Structure formats: C-alpha cells, structure tokens
Protein chains: 2
Amino acid sequence: MDESKLAITYELIKTCKQSGARLGRVHTPHGVIETPAFMPVGTQATVKTMSPEELKQMDAHIILSNTYHLFIRPGHEIVKKAGGLHKFMNWDRPILTDSGGFQVFSLSNMRKIKEEGVEFRSHLNGDKLFLSPEKAMEIQNALGSDIMMAFDECAPYPAEYDYVKKSLERTTRWAERCLESHARPQDQGLFAIVQGGMFEDLRRQSATELTSMDFPGYAIGGLSVGEPKDMMYNVLECTVPLLPAGKPRYLMGVGSPDALIDGAIRGIDMFDCVLPTRIARNGTTMTSSGRLVIRNAKYAEDFGPLDPECSCYTCKNYSRAYIRHLIKAEETFGIRLTTIHNLHFLLQLMRDVRQAIMEDRLLDFRETFFAQYGLFENTKGF
Amino acid sequence: MDESKLAITYELIKTCKQSGARLGRVHTPHGVIETPAFMPVGTQATVKTMSPEELKQMDAHIILSNTYHLFIRPGHEIVKKAGGLHKFMNWDRPILTDSGGFQVFSLSNMRKIKEEGVEFRSHLNGDKLFLSPEKAMEIQNALGSDIMMAFDECAPYPAEYDYVKKSLERTTRWAERCLESHARPQDQGLFAIVQGGMFEDLRRQSATELTSMDFPGYAIGGLSVGEPKDMMYNVLECTVPLLPAGKPRYLMGVGSPDALIDGAIRGIDMFDCVLPTRIARNGTTMTSSGRLVIRNAKYAEDFGPLDPECSCYTCKNYSRAYIRHLIKAEETFGIRLTTIHNLHFLLQLMRDVRQAIMEDRLLDFRETFFAQYGLFENTKGF
C-alpha cells in the first residue's frame, strides 16, 4: 500500500537511550501530533468548559470525542450535515473518536452482547439502540474524525480467563468487520484495540491477531479499569513489543501524571483521560508539588498562584483565594480556571517528557518529577 | 469643592436634538465609561461564565458587583487583603458596587428594618447579619469599587403611600449617614438612590432631598419591580428633570433592549441588569429580530448563526444547531456562547444608541429597532 495515501502515518524521531521511550509525530489530515501526546477529552463535541481557542493557547494538538454520546445526541447525521465534527465544534486540529464500545459497557444498562453487535438502552431516555462494528464505522465516518477506533468489547476487571478469551476473539472478528466497512480510509485512519484483560497470553493473542491485519495504529484497551498500576505496566510490557514499530500506540483512558511518564517509558505514544477536566470541576488541581484541593480552608487568604512553577493563564492572573471563592460559590469561571490549569499541566508535562526523550534523560526526569510530585495509588484515584 | 479631586465626574458631550437623550462620559479612577452605558452584572466577583478578557473583547466599559454577596462570601476583608476587588478578580476597568440594600430585601427573609439598619439572615447559611449605612460604606470602601451606592430601602410594588413615604425619608437619612461615613471620597464616588415608589410627589420629595446633598451621581431605584413599563417611564419623566445635569444618572435593574432605549430617551446615562446573563443560561437569546429560544426543535438542523446581523464571537464561529446541542447537553461552553452573544447584543445596542444621539436621530433609531425587534411586556418578562 502506498503510504503517502494513508490518512494516518507515524514518524519516529528518536528513541530515548536511557528509557526506551519514543519521540515521534503522528501525521493526520488536520495536522501533526507531537508524541508522546495527551489528548483532552471532549465527550459531547466540547472539552468541558473550554473554547477551541483556549485549547490552542495551551497547545493541545488533538482532542478526543465520544461516538456513543454524539450518536445519542445530537445524532451523527446532524453532525454530518453541519460539515463534520471539526466544523460543527469549530476545531480545525486533529480529532480522535472512540468507538462507543466502552460507553455501551460502562454507561448503559440492559445491554445484550451478540456476535452481530450490542443492544443497549440510551442512558438519557432509555431508548433501545444498537451498535455494531458496521454502525460504529458509519457514525465515525459521518463525524469525520482523523482517527477512528474499532468497535470492541472492554472486558470488566476482574473477569474470568474464559470470558476474556471469548471476548477478545470477538473483538478481533469485530475489528475485521470494522476494517471492511470503513468507508473513508483515505480521509480517516482506523485504529484497532488490543484487549485480553490482565492475562499476558491473551494480550499476546489479541495483539498478534490484530497486527496481522493492516491498521494504521493500535490502541491498548481494557486497562485503568480498577487494576493495580503494576498489573497495568506488566500488560504494557508484554503487549507493546508485539505492536509494529512504524505505527502509533495509544493507551486508552490513562491520564494521571505518573502513568503518563511510566506509559511513555513503556513505548506508548498517545493517551487520553477525563481525569484533568473531571477533577477540575470539583476544584482538585494538579500542581508541581502534587494534588491541591482548592476548597480547603487554608487557601481562603492565600493570594499566591495555584502553582508557582506554572505559566498557564490561571496561574499568571488569579490567586488561590479567588479560585477557591469561585469554586465554593459554584461559579462557572472557577471551573474554567481549574480546567485550564489541569490541562495545561498535563500538556506541559508531555512537552517536558518529549524534551527529556530528545535528550536521553527520561528516567532522570521521572525520578525528579516523582520526588517532587508524589505517586498516586491508581489512575482513577488521583 | 475642586472638581479635579472628585473620584467621579460627568462630561456631557451633547444632547440629542431629536430625543433629548444625553451622550457623555463618566470619568473614574479606572478609566472612562461612554454613556449611555449598560453594565454587565458580576454578582460574586465574576460576570457569570465570562473571563475579564472576554468582557474587554466585547468592550464592556464597566461592570457591577454585589456588596451583599461579597460581604457574605468570601467576605470584604479577604477582598481587601487581596488588594481590592479589581485585583481580586483581575479586572482593571471601572467597577460599580451596589449597597446590598436591594438584596437584603429580595434575597433574605427574617429581616428587621430599624432606623439603625437592617437585621437579616444570610441566604446561604441562615447566619444573623446586620447592614447599615456605615457598614455598607465599610464594605464598599474595602472592595474599592470606583462607584459606590448609598444604602437604601427598595420599597416593594405595590406599596401603600404612607409606607413608601416613611421609607424614602429613612433612605434620605441613611444617604446622609453614608456620605458622612464614606472613608475614601478621593478614590471612590458615592451615588445616592432616589426612591418613592410609583408616587410622583414622593419621587420629587426624594430627588429634592438627595440633591440637596452633594453626591457625584444619582441613581433611580425601586423601578422594574413588577410595575407596567408606562408607570416606570412616568416616574422617570417626573424624576430625571430634578437631577443635576452635571452628574450621571443611573437607572437600576433595567436591561431589556426596549427599556434601554426608552430610558436613554428620558435622560438616563447608566443601566444594569442580570437579564442578558440570566436568560443566556437558559438558552434564551436576544437577536436583531427579537427573542430566540435556542432549545426549540426547529433549530436542531439550523446551521446559520444565532443572529445573522451580529458580529460577536459566537455568531462568527458557531451555528444554532451546535449551540442548541450544547445547551441541551448542559455543557458549560453553550452558556458561555449565549452569554457572550447577549452581552455583546446589549453593548452593541448601546454603541448604536450613542451613535444615534451623536447624529440627533435616536427617535428614528428607536422606531426602526422596535419595528424589527418587537417590544416586551415588561423588563422582567423578557
């Protein structure tokens, strides 16, 4: 296949001699993503509280949006009529859409999994709906994202070996059907999702099956679902080496600062997570000295910035006392300020990680960062 | 008194030969307000959903903030320690603070009005609190607003003649106490508030009593409290001529587009109202062809701007379909977009009004605007 015709290509710039992490670029129809990259999540065609200009100001290269949510509201046909998701939401940089698979399993009850696809009820109004590999492709083709994800089943944790094996094999068959029904391979790149739970041999089976098909990128799904972090890193260590070096690798749903560093060290190029935006809405912030809960009374008369080492809009212009006041008063501008800060924090962290890879010192960077920042028990528990 | 030492001065540029409306400038320690002016309301030290930069981008010259709310949370002492309200909220243009009087009467229950002041309970936690002319001055001196308001009683509508008369006379005595206890007259200008309900002779009494004292500006309070608009205009017509021509006149709590025009025609220089920001949060917008409720199903596939005649950020970049989606999905960015639009609409309207005064054609402008826009039954019922 002529690589120049592919929607998505990966360019390896260099590998960190100290850590093995990769510095690279993902080329997409809407521009370049410097990797390792963190992708802010814009579930409903908006990164909660943010404008596109604010995301650009903090130099987000790509955002993620959710197929399940847009399918339910406003409906992919409306987004298509608007000229696609980029135009609909006024974002002209790359967009990745997930497949809806994860949300069908995490948000909807009354789901029935069949070989054909999944029957489920809308979490909004209870309507009976159906998603399948073909439908997930139809929706994502209508949305027009740069990177689409194959429709998969994310097995729960913990789960029985036999269930996980059957599930990953179905995910492989579904990936094949996605590849066949994808209508716009010149415009949109389709990534497959490696499953297999916490079982090393099943991860190897899934990776082997999926890489035998020609996807322009591979994701690792089914992690950060409640397992200990060591278990997650074990899975990465047995899975990543099986993925093709010439294609991007995306670890789904991971966004705690320490896991971004430890994921990059294990060869991951892309990450996404609602963590920075979700905790921001509750007034929890990430700073260079660790977690800071701005509601705490001790910040009532603290007129310094959230993070003295940070150069974001929030830290340049507002005090902890003011942000605390806004959050306690339930003012929207307060969650705008904490969201800007948290996203900037992770995007700056990824810039620092890329610089450290360039200079072959990512393990040193990790040590310094962890000493100052501390470690969190697991990615969900920030 | 040497006028150059006054915190607030009014400069009359010209009077509209067609309508009698005034074009002017209010000079304040934080800059000039072109009048007639609409002041966006920033109740809790933030104009809901907006950043200071966004307010500047739409060329807001001044904002209003609420003494009652800031007294209760975070407390004026904290704002003072932060360096004053301008620094606390990162707004370097003029600020007007109200006196807390209106909120004590509208938000708090269990209030006891005495000559000394008003005992009331916090609407947040029920704490027993006390506001008086002296306390209202202490709070506003701590906040450091450019324009402070005297502590008044806003009589309800309808109300008995005798009650309104006693109330306005107390408001006069309170105004005198405010003038005496105002600690920073070189830095902050104190406006008195004319009361008197819907009774012409009481309005005249209040205006006469208050103008016998030397305030740098006068407000008309107790209007837009549920009375018919004609009644409000009658009150303006008997009150405004009694106010000194060399000082600004501020009509409190009025912000429907038609009332801004009809107020300016009656000689008003300044207005404020939560209307544009409050209705925006429910998805109701002001457009050149009248009210537009973006939740309506007919906008689901409408890819045009909210108002084709508008040049605001929202109308330049987003469709009705997208804004409808965001509002229905309860996304913050949706109310940011409708808030930007509504505030821009009123600020643009005031620019148009000022231009029409300059060109002696405000009555013509009124006729064209009303024909296109329609009239609303009363200011609260937009």
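Glycine is treated like the rest: Cβ placed from N, Cα and C.
The structure displayed is predicted, hence computed values, not measured ones.
Database features, via TrEMBL:
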- B:ASP98: active site, proton acceptor (ACT_SITE)
- B:ASP272: active site, nucleophile (ACT_SITE)
- B:ASP98, B:SER99, B:GLY100, B:GLY101, B:PHE102, B:ASP152, B:GLN195, B:GLY222: substrate binding site (BINDING)
- B:CYS310, B:CYS312, B:CYS315, B:HIS341: Zn(2+) binding site (BINDING)
- B:19-373: domain 'tRNA-guanine(15) transglycosylase-like' (DOMAIN)
- B:253-259: region 'RNA binding' (REGION)
- B:277-281: region 'RNA binding' (REGION)
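Sequence features annotated in TrEMBL and their locations in the structure.
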residue  : record                       : Cβ contacts under 8 Å, 6 or more apart
B:ASP98  : active site, proton acceptor : B:LEU64, B:SER65, B:ASN66, B:THR67, B:TYR68, B:MET149, B:MET252
B:SER99  : substrate binding site       : B:THR67, B:ALA136, B:GLN140, B:MET148, B:MET149, B:ALA150, B:PHE151, B:ASP152, B:CYS178, B:ILE193
B:GLY100 : substrate binding site       : B:ASN66, B:THR67, B:TYR68, B:PHE71, B:LEU131, B:ALA136, B:ILE139, B:PHE151
B:GLY101 : substrate binding site       : B:VAL118, B:LEU131, B:ALA136, B:MET149, B:PHE151, B:ASP152, B:GLU153, B:CYS154, B:ILE193
B:PHE102 : substrate binding site       : B:TYR68, B:ASP152, B:CYS154, B:GLY221, B:MET252, B:GLY253
B:ASP272 : active site, nucleophile     : B:PHE38, B:MET39, B:PRO40, B:VAL41, B:LEU64, B:LEU96, B:TYR250, B:MET252, B:GLY253, B:VAL254, B:GLY255
B:CYS310 : Zn(2+) binding site          : B:THR287, B:SER288, B:HIS341, B:HIS344, B:PHE345, B:GLN348
B:CYS315 : Zn(2+) binding site          : B:PRO305, B:LEU306, B:ASP307, B:PRO308, B:HIS341
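Using a 10 Å Cβ-Cβ cutoff, B:GLN195 (substrate binding site) registers 30 neighbours. Long-range contacts of the region 'RNA binding' (B:277-281) within the same chain: residues 40-41, 47-49, 335, 338-339, 341-343, 382, each at least 6 residues beyond the stretch ends and with a Cβ under 8 Å from a Cβ of the stretch.
With DSSP classes pooled into helix, strand and coil, the tally for the region 'RNA binding' (B:277-281) is 4 helix, 0 strand, 1 coil. Fewest other C-beta atoms within 10 Å: among the binding-site residues B:ASP152, B:GLY222, B:CYS312, B:HIS341, that description fits B:CYS312. Per-residue pLDDT, averaged along the region 'RNA binding' (B:277-281), amounts to 97 for this model. According to DSSP, B:CYS315 (Zn(2+) binding site) is assigned to a helical segment. For the recorded site, B:HIS341 (Zn(2+) binding site), the DSSP three-state label reads helix. Put simply, B:GLY222 (substrate binding site) is 33 Å from B:CYS312 (Zn(2+) binding site) when counted between their Cα atoms.
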